[in-house]
Amino acid sequence: MAIAVYPGSFDPITKGHMDIVERAAQIFDELIVAVVHNPSKKPLFTMEERVEMIRVASQHLTNVTVKSFSGLLVDFAKKEKANAIVRGLRAVSDFEIEFQMALMNKTLYPQAETVFLATTTDYAFISSSMVKEVASFGGDVQEYLPPIVQERMAEKYGKKGT
Ligand code: PNS
């Protein structure tokens with residue numbers, strides 16, 4: 001059985017991420033969206049909020065589960081018996097760091113292959129950090145977000161972000 005982990009900060013999940021989730025869910029038998037707990041970053045949304053938003057956004061996908069993890073991604077992948085790690089690639093600028101991570105993860109846990117999916121061109125330029133910055137200054141970012149995230153962003157920023 002092909003089990004894949006799709007790791008990330010997902011602060012918050014965007015339509016770009018959801019595009020990768022939907023496509024990966026068609027390729028693998030099981031897809032685990034894995035939200036990282038990174039003590040050195042201060043996220044806008046709590047772990048619980050991020051996990052809940054992804055659960056709601058992916059509830060139509062029966063082979064997708066959402067979990068959180070701390071520590072090394074490969075340790076989580078091993079625990080979940082995953083044989084693949086999925087990452088989305090937006091632009092060439094993503095490639096260098098993603099390539100480094102893929103090689104390091106392969107060294108640490110050879111049983112899991114990193115699989116890159118190219119983001120759809122519609123969302124190639126968006127990122128969670130850009131969405132948060134624009135929303136924080138009152139810009140409209142709703143079209144880049146799943147409905148549940150649109151609601152949560154509106155709650156965070158009041159009228160802004162809507
Ligand atoms: O959405 P992001 O922030 O680009 O995701 C980065 C992520 C979560 C994939 C990466 O930071 C990660 O794997 N963190 C867990 C710790 C770890 O395994 N680090 C070594 C990676 S080679």
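Yeah, the Cβs are placed from backbone N, Cα and C, and that goes for glycine too.
The annotation domain 'Cytidyltransferase-like' is assigned in TrEMBL to 5-133. Within the model, the domain 'Cytidyltransferase-like' (5-133) carries an average pLDDT of 96.
Summarising the annotation, TrEMBL assigns ATP binding site to Ser9, Phe10, His17, Gly88, Leu89, Arg90, Glu98, Tyr123, Ala124, Phe125, Ile126, Ser127, Ser128, Ser129. DSSP assigns Ser9 (ATP binding site) to coil in the three-state reduction, placing it in neither a helix nor a strand. In the structure as shown, the Cβ atom of Ser9 (ATP binding site) sits within 10 Å of 17 other Cβ atoms.
If you look up TrEMBL, you'll see Ser9, Lys41, Leu73, Arg87 marked as substrate binding site. Under the three-state DSSP scheme, Leu73 (substrate binding site) falls in the helix class.
The site 'Transition state stabilizer' annotation in TrEMBL covers His17. The local packing around His17 (ATP binding site), expressed as other Cβ atoms within 10 Å of its Cβ over all shown chains, amounts to 26.
Across the fold, the C-alpha of His17 (ATP binding site) and the C-alpha of Arg87 (substrate binding site) stand 9 Å from each other. Taking each Cβ in turn and tallying the other Cβ atoms within 10 Å, the top scorer among the binding-site residues Lys41, Arg87 is Arg87. Listed in sequence order, the binding-site residues among Ser9, Lys41, Leu73, Leu89, Glu98, Ile126 whose CB lies under 6 angstroms from an atom of ligand 1 come out as Ser9, Leu73.
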